[in-house]
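S.K.: Below are the structure tokens for one structure; questions will follow.
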Amino acid sequence: MWAASCLASCCAACACEACRSVAGSISRRSARIAYCGLFALSLVVSWGLREVAAPLMESLPWINHFHKTPDREWFETDAVLRVSLGNFVFFTILAVLMIGIKDQKDPRDQLHHGGWMAKIACWFIVVFLMFFVPNGIVSFYETISKFGSGLFLLVQVVLLLDFVHAWNENWVSKDEQFWYMALLIVSLVCYLATFSFTGVLFHWFTPSGHDCGLNTFFIVLTLILVFVFATVALHPKVNGSLLPASIISLYCTYLCYSGLSSEPRDYECNGLHNHSKVVSTGSLTLGLLTTVLSVVYSAVRAGSSTSLFSPPSSPHAGSEKPLLPFDKLDEQEDKKTDEAKPVSYSYTFFHLIFSLASMYSAMLLTGWSTSVGESGKLIDVGWPSVWVRIVTGWATAALFIWSLVAPLLFPDREF
């Protein structure tokens, strides 16, 4: 017993020392990646507690105060929501504290980039305290998370549009035959995947012998939007490109599939009812993957010269320095030259993305709180998820078309 206690103490001391070492090595530029790591840690904790925390939470009187104890699935959902609430509170507080920062002389700039041991400790404390808040607050957070998740999906769309336009501009700027052929090949592959995927959607979600008018409408409208994208992009006045149009077409088709696959398993037009667990796991994996990619891309893009994250006072002529410098001399030069510089991106918006992503990841892990099935393990299933995905696809289409025609409608403004 004494040996086990000593071993546990040694392990805890080593873990603390490792955290202190890692936190101390985080530089100004690598801080953005550190925030991504903290968010990834919250996903791991949420997933782990969803699997193992139910028995413990059943024994907590301020959580399980019902006359009849709910089933295990309720406690799994509650554990995920409480971790998500802590994550949301942590990043929202940071977002509020960062409001109005204009230059790097502001003391709050150091709070954003440094103090990682204190921030990690605060994160653990905030998440831990969320397991003591009343169930009513968690229930309210669950409700607003559905709306916050929709906002995050819209932010995800903006990030995707920013990515595809930057990709297209990068290859076109090379002005070489090889890169023009690469643009054409990638565009054709995306369109081939889009039309093949559409055929699969008709096969899976419009089975013969059933009235599946709603599913048919979703698929046909998505297909119409694909042709609209190409038509607008190739219009002489727009001077667009097939690459962004093809990628957005594939993404909208994926959103259509994601929405249709989230239909209740007993719905007669859902042809995936025989593969419930496989589809559920796939939806969870893809959803979490796109969430992590979005927050990582937002962190990387925040360090560039784009105006997507830049406050009005920021000069958009950003540098081409790497996100993670490993040369200490470069870091020392950055400290000397960055003291009086204005901030290169909005810290508040940066943290708000993580706040919204916390809501969205909670909805993914809890199936938008409408999980069904005997095992209670079906993820991302139910009509709320269906409509959120479908409407997000329509919003994606509207934003993409707007990004193409806005320069024509307002030629004096920069987009």
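Just so you know, the numbers here start at 1 and follow the chain as drawn.
Using the three backbone atoms N, Cα and C, a Cβ is placed for every residue, glycine included.
Per TrEMBL, region 'Disordered' is recorded for 305-324. Per TrEMBL, the feature signal peptide maps to 1-18. Among the features that TrEMBL reports, transmembrane segment is placed at 79-99, 120-141, 147-167, 179-205, 217-235, 280-300, 345-366, 386-410.
Tell me about the surroundings of these features in the structure.
M.R.: Sequence-distant neighbours of the transmembrane segment (179-205) (same chain, 6+ residues past either end, Cβ-Cβ under 8 Å): 168, 171-172, 212, 215-216, 219, 222-223, 226, 241-243, 245-247, 249-250, 253-254, 256-257, 260, 263, 269-272.
Long-range Cβ contacts of the transmembrane segment (217-235) within its own chain (Cβ-Cβ under 8 Å, at least 6 residues beyond either end) map to 191, 194, 198, 201-202, 205-206, 241-242, 244-246, 248-249, 252-253, 256, 259-260, 390, 393, 397, 400-401, 404-405.
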S.K.: Considering only Cβ pairs within less than 8 angstroms, which of the stretches 79-99, 120-141, 147-167, 345-366 has the most against the transmembrane segment (386-410)?
M.R.: 147-167
S.K.: Using a Cβ-Cβ cut-off of under 8 Å, list the residues of the same chain that are 6+ residues beyond the ends of the transmembrane segment (79-99) and lie near it.
M.R.: 39, 42, 45-46, 49-50, 53-54, 57, 108, 111-112, 122-123, 126-131, 133, 137-138, 141-142, 145, 148, 347-352, 354-355, 358-359, 361-362, 365-366
